[in-house]
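**Student:** Let me begin by handing over the structure; questions about it come next.
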Amino acid sequence: MNLDSLTHPAEFVVKPRGQTVWEGKDVTLHCTVAGWPKPRVAWYKNNVLIDAKAHPEKYITESNYNMHSLEIKKCDFTDTAEYRISALNVKGEKSAFASVIIKSRFPTSSHPQVDLPEHGVTFRTTIIDKFGVAFGREGETMSLGCVVIVYPTVKRYQPEVVWYRNGVVLAPSKWVQMHWSGKQATLTLVHLNKEDEGLYTLRVNTKSGFDTHSAYVFVRDADVEVEGLPVAPLDVRCHDANKDYVVVTWKQPAVEGSSPILGYFIDRCEVGTQHWAQCNDTPVKYARFPVTGLVEGRSYVFRVRALNRSGVSHPSRVSDPVVAMDPSDRAPGPSAPWTGMIKFTEEDPTVGVVPGPPSDLAVAEATKSYVVLGWNPPVQRGHEGVVYYVEKCMVGTDTWQRVNTGMPVKSPRFALFDLAEGKSYSFRVRSCNSAGVSEPSQETKSITVADRLDLPSAPGPVVAIRNTASSVVVTYGASKEAQTLLRYYIEASVVGSEVWVPCNNKPVKGTRFECHGLNEGDKYVFRVKAVNSAGYSTYSGDSEACLVKACITVPSPPLTVTMVERVRDCMVVSWRAPANTGGADIRGYYLDYRTVKGSIKSQWREINVKIITGTTYKVENLKENTLYEFQVRAVNQAGISEGSVPSAATECKEWTVAVPGPPHGLRVQEVRKDSVVLLWEPPTFDGRGAVTGYYVDIKEEKGRWRGVQDRSTKQTFMKITGLKEGKSYMLRVHAKNVVGVGGPSKTSDPIVAQTRPGTNEIVVDVDDNGVISLIFECSQMAQGSQFVWSKDYKALTDTSRLTVQTVGGKSRAIFNDPSLEDLGTYSCFVTNTDGVSASYTLTEEGLKRLLEISHEHQYPIIPFKSEMAVELQEKGRVRFWAQVAKFTSNCQVQYIFNDNIITQGKKYTMNFDKSTGIIEMFMDSLEVTDEGTFTFNLVDGKGTGRTSLVLIEEEFAEIQKKSEFERAEWVRRQGPHFVEYLSFEVTPECNVYLKCKVGNMKTDTEISWLKDGIEIAEDDEDLRPVFSTPSFLSLLQLSKKDAGVYEVTLWDERGKDKTMLNLTEAGDEMFRVIANSATELKVESTEHGIILSTNVVHYFDELRVGWLHKESKISYSDRVQCGVTGEQLWLKIKEPTNKDKGKYSIDIFDGKANVKKVLDLTGKNRARVVGGLPDVVTIQEGKSLNLTGNVWGDPVPEVSWVKNDKQLVSDDHYTLKFEHGKFASMTIAAVTATDSGKYALVVKNKYGTEAGEFTVSVYFPEDEEFANNSGVLALCKHHLWVVTEW
């Protein structure tokens, strides 16, 4: 073996990161180095080797398992440097660099909290409930607070609470309010302004030390009144104040608005008034302006407004008040020599002395708007105060012009305005007092009126680094104009939005800034612009896109290290994963041990060199009957954690239990709302027999343990179903052998049954090439995340069966040769995520279906919307056609007959319409040789399709016959022909019409009618032929003599056509019409009995009619007779008796069957007059007659009164009533002779009709005797048989 092939140079897997820390803190640099042979490392500070052994109080270096660190203790300003780590092996040397910056947080020296007894008490301070990064808007009020615990509590002792902003101590003011309650420190910022933005620090000082907490406060701009306006400037300050002069400075805002800022207006207000006066008429572009014309002794405040093309911004926050006075008057002690103060002494009498010239005249500032001069007062000036006159001279001339003749200057500083831009000037100054004017000072060098301060250059490259879930650290190169630079503004934009938002509204000094308030999961780009008094620089280039997500840190220590099994010389140690993984997947663990003898504990020693991936480990080669403690360290991409809390000291000795030990390494995957998958490792100790299975227990958070399954499982995993969504569960596992069931494993961590948003499952896919694969997608990929596939929850080792391909957040497991060997449960776990996992079980049935789909994709079948069919067209032309459902423009068709390819020619015509997918083949006629199978073969890429139609034997003969017929019909239709052949029609009146429809007629086309071969004359009155289109022949009321064969013939020079009809079937049609025209049976009453009858439209002797009573044919006699009168068929029954009750029917033959009409004469519901009426009534003229008849029937009958067969109507003479459905009454008022006659009470319902008849006789009074002698006035009622039922 070539050993050189195994070596590789040193490589930094994780490089050390630069850090900025406060003075007094510790800082640690971590890195991970790979290489073989194992590289040697050394640390350097500014390229000077660090000797940690020589300075153990300052430096600590560690190297464990390729993880290296340098710890710098109690940092001070001298530790600010560039640190380098060098890794060297036989393949070469590699270095990595990290900058450490130490910041002085407080103006006074800071000391960490130490135990310094004060009156015997050591105070320890802890800050809890800390305020975090805060966001406010101008005009709002914000409060920051922390709870402070000082232990022990000493009566009347209070710690010192100090607040800082950007390292400057804050004092109470109208903008800042502080409160200390004894436990809670609160800072309230009233009416926020951008000046309040910065890093706020709470420092709590005690006699024993201090504790601090810091967080950044961001202040957003207030909304502008008009869109496009700039926002207000900030940080207005006054400098170099004198008797009549002050310099005002400010900082430009972060947002210029819709257009660049054109300049600024400065306003002043005398303290005690509300009147604001604008100091400049023309906007100044510099963020610095000398304000003159102040009144000595008065106080002023200033504010600034920005101007762009859209308008003027809100004013800034006002400056602190400033007094216009001589600077020497502000400080205690003797006056400065140059102020002009005169001291009188006895030795120096008051004598007028002309002052000397000012000295050290220089141009302090020069812009195109103004020039500021400064000088020192004269040494010789007598005992009076002096004033100054300033003179200017344009270069190229010898003329000096006094600038301030009317207003001498009291201060040794002066601003000149209204100079010609681009011109060069020299300046000089004269002193003056009551004794006279001095000689001029030495003139300045020539100064050109122009902007001397250039705009800053763009900052250097911008680098964005992940920090937290809502912040990103942005670093950038300093602008080249750093000597005149004020600050930097940082802007951020979500990738793709093109909208830039400022990250800070108060410019910052350094080249590193932490941008907060970002949305987790979004990608941002950043840019930076520099700003000084002259204005803004151009923007830097955009940074690379940075995903907002918590950066990777070293994990926290593992938890709960315990011993789960032990044998004579080995022990099994188990632990829980760290609570905080540091934002990266735990790669594994390192295990340490030490021995314990009484109170003496040895040094920690490494157990494993190779990383342990599980949470259990079997420690071997231990000494029996010796106590051991264990600790565990977790490893992720960032480094190694601190050691865990040591396990309890446990003696290594033989396990004597017969049942197996507890399983270990419990972990869960695929947590869903109703299920979870549990995995575990077999016990190290099997007991007296091999492990034969496992039982799983489950319990809800406050419930009892219960078994999951009835039978043990041999697998080391189980999918537990039936969980309740939102409930918390814990799990444990028992192992069993032939002896029994062992003790439970350690309980799993609580698991909440829930399906998290965005959870994906494994999807089975068969691509266009028929390749079967499992696909799993993850939208929560983090740096270093990997897809880990397994089969039956065991790592995939046989790569010949499965190939895994991963691109971004999508992983595909491809089956190389799917077979029964691949059956099982496939799972995928994504590392460095919060348990993202899923599984898919491949069954034999599922594999069979996938193989079928794969075959379809490899050898796709082109689908047909309609299979091949045949149809006949005009002239008997045959059309074979089919329609394709799905195809491409490359689809081709082969036309095949009996396995032979046929092509377009005289016999065949082909067409494939790709717009509709219809394939057609035409043949003008079918011959005997065309019997067989017709096929359309399709080829579309690798797809094929086939549709066939078999035309043989009877099916072929039928199509051929129809084709020939259609062709003959086409030939027939070329001359005069029958469109509709001869037929007959029977009208409802039983008239018979023979008719036919002809076409393609000419004027010379002849038509003739024949019956039994004999031509029918046009004037035949019986048949009445009509020679028209359509031709028509009428037969009125068909009889036997009209039966026969009728024929119609057409002919002219183009051809001849005829049609024939045998009229024997017309009689049957007439029978049908007659039979179906019969009306319902009705009954009539006569003086002799009853008559049942029905009417038909026509009757002739051949019509067969039969009467039945109770479904039996009626025997006719003198009492029962049947017959026909015209079109009425009747049955007469004389003097009916009870035997005649029952159902009557008539059967009329319709040519094929009988039409039956039925009438039921059972009599139980018929209308009847049951009594109350006499046969004869005799009454005297002038009297009133009242008669009442009793009526019965169901339904209730209709009642009417008749006189001499004429129905009566109720009026003043006749009063007719029908009450309660039972009593019918008639009242005749003042009867007369005309009321005599034959009367009847007629009742009727659907079951029958009955009349109660009586006679009324009216007599005159002189006939009364005759009436009395005539006997009875009313005789017994006589009934007539007029009913249809009983």
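Backbone N, Cα and C define each Cβ position, glycine as well.
Under the heading domain 'Ig-like', TrEMBL lists 9-101, 112-218, 750-843, 976-1064, 1179-1257. According to TrEMBL, the feature domain 'Fibronectin type-III' maps to 232-327, 357-452, 458-550, 554-655, 662-758. The region 'Disordered' annotation in TrEMBL covers 316-337.
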**Student:** Tally the residues of the domain 'Ig-like' (750-843) by DSSP class, grouping H, G and I as helix, E and B as strand, and everything else as coil.
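**Tutor:** For the domain 'Ig-like' (750-843), the helix, strand and coil counts are 3 helix, 44 strand, 47 coil.
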**Student:** Based on DSSP, tally up the residues of the domain 'Fibronectin type-III' (357-452) by helix, strand and coil.
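**Tutor:** For that range the per-state counts are 0 helix, 45 strand, 51 coil.
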**Student:** With helix taken as DSSP H, G or I, strand as E or B and everything else coil, how many residues of the domain 'Fibronectin type-III' (232-327) land in each class?
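**Tutor:** Tallying H, G and I as helix, E and B as strand, the rest coil: 1 helix, 44 strand, 51 coil.
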**Student:** Within the domain 'Fibronectin type-III' (554-655), how many residues are helix, strand or coil going by DSSP?
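**Tutor:** Summed by class, the stretch gives 0 helix, 47 strand, 55 coil.
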**Student:** Would you mind splitting the domain 'Ig-like' (112-218) into helix, strand and coil residue counts from DSSP?
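**Tutor:** Residue counts in helix, strand and coil order: 3 helix, 59 strand, 45 coil.
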**Student:** Is it possible to list how many residues within the domain 'Fibronectin type-III' (458-550) are helical, extended or coil according to DSSP?
**Tutor:** 3 helix, 44 strand, 46 coil
